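One structure, pasted below without further comment.
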């Protein structure tokens with residue numbers, strides 16, 4: 001069984017395997033496990049796109065999705081995450097997809113379940129399938145990540161995406177720079193250096209805008225004052241200054257008129273909705289990996305898995 | 001691709017086609033799209049029957065229903081309806097069924113998506129599948145709507161049903177009259193005239209009772225005083241005054257003892273639960289229409305769709 | 001059609017039939033109704049395991065599960081449970097699984113629907129599928145219930161499990177004793193007698209711990225003071241005093257460190273997660289029974305049902 005918890009634990013070779021499988025899914029190839037498999041999506045934080053994207057990915061693989069509503073679950077009665085997860089395993093669920101507001105919630109589960117866990121976001125920490133879909137989108141555009149300059153802009157400190165991405169991008173050969181309000185930089189990150197916003201946008205091949213996480217800033221005096229769009233956002237003027245083939249990315253949901261001028265959300269350079277499309281393919285690849293290599297003792301092991309061409 | 005947003009936009013010919021298909025479904029005929037299709041139900045207002053009815057209709061057509069929980073969606077993070085809809089389109093959803101508290105929410109989406117939108121109710125405006133199921137129920141009873149007298153009674157001003165229905169009923173040849181508390185009449189409606197409650201019930205072939213929308217009247221001083229049932233409801237006495245073959249309809253949920261005496265909810269004249277049954281068939285027909293005529297550019301076009309007889 | 005509302009209404013012969021079918025499912029045998037069948041799970045109280053367990057059971061039988069969210073349903077608009085149930089029947093749902101906070105909510109529905117209702121817990125009253133999974137777990141362990149001594153410990157007064165279980169256990173030949181805080185005993189129960197905690201645990205073949213229902217004790221001055229675990233819980237010391245082959249059961253969710261020392265939750269004697277596993281098999285058997293014997297007038301009658309061996 002192959003959990004996916006953080007990007008750091010993936011070797012470059014494994015990242016490339018996942019991306020290759022995702023490419024295959026994008027081209028219409030199909031894969032299905034050899035038997036009926038249940039999966040549960042445990043989202044302890046609101047989300048449209050990640051949850052729906054996982055659900056579409058699961059259904060396309062022919063998995064059976066068990067509905068789990070965190071709001072009305074026994075977690076409300078004080079049950080631990082471990083007991084909830086073990087319960088789902090006991091009733092026959094073959095994999096768990098979990099989003100949780102607590103950083104590294106999965107440490108509580110490690111080595112204690114015999115079904116894979118796929119991390120759909122933990123606190124301000126990791127969001128590996130988001131990183132992978134970003135990588136896929138860049139790879140589709142430029143063939144390789146080698147020698148690309150990638151500017152990550154915005155709320156680095158609270159961003160799952162920034163942390164998951166920066167290291168992976170570096171390991172795959174890209175140069176990463178950060179920009180945005182100084183209050184929101186995280187100088188503890190090992191990969192990437194700080195660059196002035198205008199210069200970063202002008203010289204990057206890929207500009208990755210981050211969401212302003214309003215819901216994480218309630219009562220936070222570190223939020224920058226003034227007009228965010230003109231100071232640190234993608235204005236029409238900055239867009240015009242970009243290199244000819246450079247692209248714009250954003251994990252969404254977009255705060256229109258803040259991180260990006262509303263009219264640029266679907267401009268020629270924008271890959272924002274392409275990223276969402278790719279999210280499904282990446283998640284299919286991650287789920288395939290989870291079941292495919294499931295170890296012997298697991299009754300949910302997929303036997304007859306094989307690739308076949310979509311008709 | 002064929003969205004369905006309002007009754008007004010449907011020509012009489014199109015209404016009849018949908019009703020004909022719904023009849024076929026009621027008789028057990030089946031139809032399935034030629035390939036795996038996802039649909040999402042976005043309900044931003046509470047509903048049991050409309051949401052469940054759409055879900056049963058979707059499943060009977062073999063569609064894959066993606067669960068969407070408006071309460072925990074990114075709309076909570078301030079995402080626009082357009083961005084949510086476009087997101088779902090991007091991840092591969094082939095049609096959206098939407099209920100929203102805002103009148104004409106769909107204007108924001110028109111011409112901007114390449115998947116069909118089916119309106120499951122907008123604010124106090126339209127609710128076309130409810131109108132269609134009403135039409136189907138009347139047609140089953142009387143064969144045709146020509147020359148029938150139809151009394152719509154109750155909260156006309158706040159009712160999606162009244163507005164969607166009145167015009168369609170008139171266009172199909174019926175005579176429409178309204179009755180109920182004067183405060184709740186809407187004299188801007190083009191079809192239909194006001195009639196005294198007792199006379200309306202005595203002379204109508206179809207009495208359509210409307211729900212008192214408590215949830216829309218909070219702090220509304222226009223709500224009528226006194227005993228609603230005896231003033232404007234279907235009492236046993238009024239029921240006895242009806243024409244021999246006249247029927248009673250109500251969109252439900254019923255406020256028992258308000259719009260109608262509780263004992264009459266399942267009386268011989270009542271078609272209330274029949275309406276619910278018909279709702280599934282009408283929604284199957286509307287979904288069939290949405291996918292069947294999907295235009296060339298849409299990857300979710302249904303190829304091998306065909307009618308076949310249920311076994 | 002075969003509803004299942006309380007354990008009392010089941011004859012010993014019927015209990016044994018259900019357990020036999022559940023055993024078959026546990027061994028991998030399969031059963032499917034002859035046609036497409038919809039089922040809706042109406043949970044008006046929070047639950048993870050019961051709801052998910054029913055959903056897995058339903059899916060394993062090939063049933064189509066209609067999503068029903070009690071929080072956003074028309075019950076919020078004041079609709080009665082009967083009208084909600086009748087609505088679901090009208091749109092084609094073939095069985096209802098209901099959990100409701102009101103004792104004997106099902107009396108309102110009896111004889112008025114023509115689809116089966118399966119009680120997934122009513123107030124402080126009944127929870128028959130929990131009782132059945134307990135019986136299955138004990139039977140798997142000891143072959144028969146005859147002459148076993150079973151100690152039910154904890155919050156008898158508020159426990160659905162205690163009431164559902166005590167009578168059934170007695171009827172199947174077991175001796176039942178109760179233990180726990182005197183304030184929480186229910187001396188109106190007909191089966192079983194009170195015994196001191198240490199003696200009960202030392203002499204029982206099966207120790208069934210009950211959950212402390214915090215959510216039912218808000219503002220309840222009858223809650224016992226002091227350290228529950230050391231007074232009435234399964235401590236390591238008490239566990240060591242148990243008979244060699246005696247087992248520990250708990251309906252879960254467990255309050256770790258209250259009813260049971262956290263380290264004992266997965267000890268050798270514990271059948272807590274085994275119970276959850278068995279829950280799926282018992283619910284499959286109960287659903288099979290509901291559809292299998294559905295009477296003539298029901299369009300959801302299962303025609304070609306048969307047992308077949310899983311491959």
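Even glycines carry a Cβ here, placed using N, Cα and C.
TrEMBL: automatically predicted annotations, no manual curation.
Small disclaimer: the values here were computed from a predicted structure and weren't measured.
Copying in the features that TrEMBL gives for the protein in this structure:
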{"type": "BINDING", "residues": "C:49, C:50, C:99, C:127, C:130, C:252, C:253", "note": "carbamoyl phosphate binding site"}
{"type": "BINDING", "residues": "C:77, C:160, C:211", "note": "L-aspartate binding site"}
{"type": "DOMAIN", "residues": "C:3-140", "note": "domain 'Aspartate/ornithine carbamoyltransferase carbamoyl-P binding'"}
{"type": "DOMAIN", "residues": "C:148-288", "note": "domain 'Aspartate/ornithine carbamoyltransferase Asp/Orn-binding'"}
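Describe each of these features in terms of where it is and what it packs against.
Under the three-state DSSP scheme, residue C:253 (carbamoyl phosphate binding site) falls in the coil class.
In sequence order, C:154, C:155, C:159, C:250, C:251, C:252, C:253, C:254, C:255, C:259 are the residues of the chain that are 6 or more apart from residue C:211 (L-aspartate binding site) and have a CB within less than 8 Å of its CB. Under DSSP, residue C:211 (L-aspartate binding site) is assigned to coil, being neither helix nor strand in the three-state scheme.
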Give me the sequence-ordered set of same-chain residues, not including C:49, C:50, C:99, C:127, C:130, C:252, C:253, with a C-beta within 8 angstroms of the centroid of the carbamoyl phosphate site's C-beta atoms.
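Residues close to the carbamoyl phosphate site, other than C:49, C:50, C:99, C:127, C:130, C:252, C:253: C:47, C:53, C:120, C:121, C:251, C:279.
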Between residue C:160 (L-aspartate binding site) and residue C:127 (carbamoyl phosphate binding site), how far is it from one CA atom to the other, in Å?
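Their Cα atoms are separated by 6 Å.
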For the binding-site residues C:50, C:99, C:127, C:130, C:160, which residues show a Cβ-Cβ distance under 8 Å to chain A?
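Nothing passes the 8 Å Cβ test.
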Taking the Cβ of residue C:50 (carbamoyl phosphate binding site) as the centre, count every other Cβ atom within 10 Å, in any protein chain shown.
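So the Cβ neighbour count for residue C:50 (carbamoyl phosphate binding site) comes to 26.
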Once near-sequence residues are set aside, which residues in the chain of residue C:49 (carbamoyl phosphate binding site), 6 or more away, have Cβ atoms under 8 Å from its Cβ?
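Residues satisfying the criterion: C:252, C:253, C:276, C:279.
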What are the sequence-distant neighbours of residue C:130 (carbamoyl phosphate binding site), meaning same chain, six or more residues apart, C-beta distance under 8 angstroms?
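Correct list: C:50, C:121, C:160, C:161, C:164, C:165, C:251, C:279.
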What counts of helix, strand and coil residues does DSSP assign across the domain 'Aspartate/ornithine carbamoyltransferase Asp/Orn-binding' (C:148-288)?
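Tallying H, G and I as helix, E and B as strand, the rest coil: 55 helix, 23 strand, 63 coil.
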Can you tell me how the residues of the domain 'Aspartate/ornithine carbamoyltransferase carbamoyl-P binding' (C:3-140) break down into helix, strand and coil by DSSP?
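Helix, strand and coil residues of the domain 'Aspartate/ornithine carbamoyltransferase carbamoyl-P binding' (C:3-140) number 61 helix, 28 strand, 49 coil.
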